[in-house]
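I have placed the structure first, in the form of structure tokens, so that the comments after it can refer back to it.
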Amino acid sequence: LNRSQNVGATQLSCKSSKIWEHGTSLMNYLRMVELEGLTGHIEFNSKGQRSNYVLRIMQNSKEGLRQVK
């Protein structure tokens, strides 16, 4: 995305109706990519929502994190 246009960060407020000028470009880019991240496989559907993922419920104990069945 950054190769096709100069993407910079600007300060926004949740109370304002102003949107980030590169938001639409970012969403369009995310819909096209798939990658392996720290949480596993990452991909998004046509609405920009993460799809094809697995959730694991973890419990913290004295021995550390363990997956709940």
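All positions are counted from 1 along the displayed chain.
Note: Cβ is positioned from N, Cα and C throughout, glycine not excepted.
Per TrEMBL, the features are:
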DOMAIN    9-59  domain 'Receptor ligand binding region'
Q: Report the DSSP secondary-structure composition of the domain 'Receptor ligand binding region' (9-59) as helix, strand and coil residue counts.
A: 10 helix, 12 strand, 29 coil
Q: Calculate the per-residue pLDDT averaged over the domain 'Receptor ligand binding region' (9-59) and state the result as an integer.
A: 87
